[in-house]
Amino acid sequence: MGNELLAFVVMVIVQLGFAGMIIITKLVMDGGMHPFVQSAYKPIFATISIAPFAFFLERKTRPKMTRSILFQIFLCSIFGITANQYAYFIGLNNSTPTVASAIDNLIPAFTFLIAVPLGVEKLGLRSIAGQAKFWGTIICVGGAMLLSLYHGKMVIGQLGFHWKYAENTGKDVNSPHSNFFLGPFMLIMASLTYAIWLIIQGRVSKKYVAPYTCITLMCLMASVESVIIGICVVPKVSEWALNSIRAISVVYNGVVCTSFAYFLSSWCIEKRGPLYVAMFNPLLLVISAFLSWTLLREKLYIGVVVGSIIVVAGLYGFLWGKKIETSADDIEVNKEKVQSTKLVDLELQLPSTNGNHLESKQISETKAKL
């Protein structure tokens, strides 16, 4: 009971941390910080914060690095950090925190769609689990398309309370300046690149069992990539200047939402499994929507609300199918273990039986001679 409650509290803290990242990042970008500058600073502080874990925890157990593994980590840095952060921050800059949090729930569906052709996942439409995963994916994508293409009437207006700093940015989160097509589209691309990273990272984790070293190398490579691209796109030195709120944003994103969140999520995956962690993704949507409504005065429209509900429903349908599939696989594994145990027992008994038979035969022959 104690571990279950602790895991629940830890995952709530993780989602609160991610929600804080979305709000403060949206705030500084509305205040004029370029998305490419934000993307360049984040992996730098992430590398600095997670490198000590890699050095002290994996110093003696770190396996040998090969060129093949290093190349795969390089691909992870491109898809999981560089391309993902560019797409995400550009999408968030042209959208709202609520939409960004809702589209994040597409990641399991995209991962499934990519994994099936590669043979990592089985479609299995004849089984209930396969049907649940398939229709859950379709529902997720449909909900994302709805909140991307349909705005509709306003259902929840602006709150009277407003964060004073948000007023100084000079930009309204609901202003026409936001591109309600480009924003969701780039956020969908961010989910797609993250799903590609999950597939590659899954293979790297099996070959190179040193997660902190792996993420440190990824962040280091992404730092170089993002800085080079960022300088080419934003050459003005003044654009890279960090005031107090911008410094808080990039440090928070790198430390809290990378190293700290990675550590806590890994602990929960070890204790309760990946499905338990994935079930908390919709909580990020609720927290982000509430914080954006209260602090940034975001308006909620019917298309966003209905689309978000559909995405979450599809996500839980997919996770339900995945749970059934995992349970069935566990049963099959247990059956194989039982069968192998029985075979071992028979093999151990057979020599003993033959030995007893020979021994009794020798005794009878001895008696006949006497």
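Easy rule for this one: first residue shown is 1, then count along the chain.
Glycine too: its Cβ is placed from the backbone N, Cα and C atoms.
Predicted automatically and left uncurated, TrEMBL annotations should be read as such.
The transmembrane segment annotation in TrEMBL covers 5-28 (among others).
When DSSP labels each residue, the domain 'EamA' (8-148) comes out as 116 helix, 0 strand, 25 coil, counted as helix, strand and coil in that order. Look at TrEMBL and you will find 8-148 (among others) tagged as domain 'EamA'.
Annotation comment: TrEMBL describes 40-57 (among others) as transmembrane segment.
For the transmembrane segment (69-90), the list of distant contacts is 25, 29, 35-36, 38-39, 42-43, 100, 182, 186-187, 189-190, 193-194, 196-197, 200-201, 203-204, 207-208, 214, 217-219, 221-222, 225-226, 229: same-chain residues at least six beyond its ends, Cβ to Cβ under 8 Å. Taken from TrEMBL, the feature transmembrane segment covers 69-90 (among others).
The transmembrane segment annotation in TrEMBL covers 102-120 (among others).
According to TrEMBL, the feature transmembrane segment maps to 132-151 (among others). When Cβ-Cβ distances below 8 Å are used as the criterion, the transmembrane segment (132-151) is approached by residues 99, 102-103, 105-106, 108-109, 112-113, 121, 123-125, 180-181, 184-185, 188, 301, 303-304, 306-322, 324-325 of the same chain, each at least six residues removed from its ends.
If you look up TrEMBL, you'll see 180-200 (among others) marked as transmembrane segment.
Positions annotated as domain 'EamA' by TrEMBL: 183-318 (among others).
Residues of the same chain lying 6 or more positions beyond the ends of the transmembrane segment (212-238) and with a Cβ under 8 Å from any Cβ of it are 34, 36-37, 39-40, 42-44, 46-47, 50-51, 53-54, 57-58, 62, 70, 73-74, 76-78, 80-82, 85-86, 201, 204-205, 258, 262. Taken from TrEMBL, the feature transmembrane segment covers 212-238 (among others).
Annotation source TrEMBL lists transmembrane segment at 244-263 (among others). Packing against the transmembrane segment (244-263) from elsewhere in the chain are residues 14, 17-18, 20-21, 24-25, 27-28, 31, 33, 38, 41-50, 53, 165, 215, 219: each is 6 or more residues past its ends and has a CB under 8 Å from a CB in it.
TrEMBL lists 275-294 (among others) with the feature transmembrane segment.
For 300-319 (among others), the entry in TrEMBL reads transmembrane segment.
In summary, the transmembrane segment (5-28) does not lie against the transmembrane segment (180-200): fewer than three C-beta pairs, each 6 or more positions apart in sequence, are under 8 Å. Long-range contacts of the transmembrane segment (180-200) within the same chain, counting only residues at least 6 positions beyond its ends with a Cβ under 8 Å from a Cβ of the stretch, are 72, 75-76, 79-80, 83-85, 87-88, 90-96, 99-100, 103-104, 106-107, 110-111, 113-115, 118, 120, 144, 147-149, 151. Helix, strand and coil counts under DSSP for the domain 'EamA' (183-318) come to 118 helix, 2 strand, 16 coil. Across all of the domain 'EamA' (8-148), the predicted model scores a mean pLDDT of 87.
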